[in-house]
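Novice: Here it is, the structure in full.
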Amino acid sequence: MSSISLKENGGEVSVKKDYSNGGGVRDLYGEDSATEDHLITPWTFSVASGCSLLRDPRYNKGLAFTEGERDAHYLRGLLPPSVFNQELQEKRLMHNLRQYEVPLHRYMALMDLQERNERLFYKLLIDNVAELLPVVYTPTVGEACQKYGSIFRRPQGLYISLKEKGKILEVLKNWPEKSIQVIVVTDGERILGLGDLGCQGMGIPVGKLSLYTALGGVRPSSCLPVTIDVGTNNEKLLNDEFYIGLRQRRATGQEYATFLDEFMRAVKQNYGEKVLVQFEDFANHNAFDLLEKYSSSHLVFNDDIQGTASVVLAGLLASLKLVGGTLADHTFLFLGAGEAGTGIAELIAVEVSKQTKAPVEETRKKIWLVDSKGLIVSSRLESLQQFKKPWAHEHEPVKGLLEAVKAIKPTVLIGSSGAGKTFTKEVVETMASLNEKPLILALSNPTSQSECTAEEAYTWSKGRAIFASGSPFDPVEYEGKLFVPGQANNAYIFPGFGLGLIMSGAIRVRDEMLLAASEALAAQVSEENYDKGLIYPPFTNIRKISANIAAKVAAKAYDLGLASHLKRPKDLVKYAESCMYSPGYRSYR
């Protein structure tokens, strides 16, 4: 005999085994004998026990299953006999991670962990945030996106391509989780400072949402990473046999706008008015248009424009204790007039307007921007993109950054250009000659694209610069003094900002909320931090920081009448802390 027969006997199924076919068993469902042309049914069973429990990252605890749980859930023999607690598992994993010398290998190991044991992944990230943040996000995530086609294992988010035009609502319904509160979406056109990575930009939404959970306490099941694939103009990817996206040039114009509009309408229809949609790494020309178009009808947030602006403003507010004066006393010069540069500039102008009661049009006049063609001045007005026009001030044309520094005499120099090594020795020395304590922010990511390094800023300014960067740099010793460079990382703001919107049930984002987040972050900088030259608090207290930011954002939502969760909690900080996801293991019956 060479088959298994199933017979019903009094309502029960009995199995007659047949091992005559080489010790094997009969292919009951036809999978083994099926050809590609032969359709089969993909049977699945959803009983959370045995192997299925071990393979479900939401419930798997690995060696932390207790003796009782192993008996109750048919795990005997499927695990080694030792029982570890979560702390020992964490210790073992951190030991293993530290053996990897290549950051990308650490990234891949962490993504593997996330796919097999969700709670242990977040426990690891929360407890070791300063060490692991550069791995799960900038700068390592940039390299991961560049090589995403080669290291791709399994989908971690939702891919919506032009193939799904007219069916986006159906695609959203394919996602297994239904109570979505935060969506991070990219079209992959401007990934960090790396350019068009197309569909491989998925690493950015995945990384951002892991930080929403680890740093802001938003439940993983409430987060949805989305990549909108409208093609890519990256010839290298189009010719790469391992590229995982559409092999066509990018859709533009009306086709692009219609597709994005279908996505936004489907999101609102499927998840409701209060789902937060965070636009991530869109090209400048689309980022501003999308934010302007949907800010009045959806709960939308652009981290590159608004998140960066909020975290930089927080650093500027904190730095006043070191450099003196008020924000209105300073003159700002930006290298880079894209999403980040203009977004930061506008929020600074709004904050100065709030402090001085002067019109925003007036407060913009002490903020100057340099783009690829030089200083943005009124004589260039006709040729400027719309979002640059508010920054075209009266001044003779100036071509280079060094010439602009000499002409404008800024007290604050901010780089958001995505062009590395542009804060040259001459530029930094000129800033130091103009100011006792020049404030220099080199914000571009990843590290290779930073306008200057921390060591260069401190050395060229003879230890007088107040420095912060977008990517992490090691502490620098200069003439016997240790300088700890701050990182103007958006991760300070967006997790707490998102939590504040969620816990208040906010239906729209307003500038007042961004200002509240900046002020809350600046207030967390301690005297000890200032003594080290820091203008940002350490990441070790990030959940406390996020709770305070969330409370201020929620309070502003209630004040503006934009909160839908009534009634208002008395202690918003405690309420924020109570809303946060905890990654500790749960006990199973």
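Using the three backbone atoms N, Cα and C, a Cβ is placed for every residue, glycine included.
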Novice: Which one, Asp240, Asp261, Asp304, is listed by Swiss-Prot in the same divalent metal cation site as Glu280, Asp281?
Specialist: Asp304
Novice: Looking only at DSSP and grouping its letters into three states, which state does Asn445 (NAD(+) binding site) belong to?
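Specialist: SS state of Asn445 (NAD(+) binding site) = coil.
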Novice: To the nearest whole angstrom, state the Cα distance for the pair Asp304 (NAD(+) binding site) and Tyr137 (active site, proton donor).
Specialist: 14
Novice: Would you list, in sequence order, the recorded positions among Tyr137, Lys208, Glu280, Asp281 whose CA lies within 10 Å of the CA of Arg190 (NAD(+) binding site)?
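Specialist: If one measures from the Cα of Arg190 (NAD(+) binding site), the recorded positions that come within 10 Å are Glu280, Asp281.
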Novice: Around the recorded divalent metal cation site, report the further residues of that chain (criterion: Cβ within 8 Å of the mean position of the Cβ atoms of Glu280, Asp281, Asp304; site residues excluded), sequence-ordered.
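Specialist: So the extra residues in range turn out to be Thr186, Arg190, Ile191, Ile204, Phe279, Phe282, Ala287, Asn302, Asp303, Glu339.
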Novice: Between Glu280 (divalent metal cation binding site) and Asn445 (NAD(+) binding site), how many Å separate their Cα atoms?
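Specialist: Asn445 (NAD(+) binding site) has its Cα 14 Å from the Cα of Glu280 (divalent metal cation binding site).
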Novice: Would you work out the biggest C-alpha to C-alpha distance among Arg190, Asp304, Asn445, the residues that bind NAD(+) according to the record, and give it in angstrom as a whole number?
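Specialist: Greatest Cα separation within the listed binding residues comes to 12 Å.
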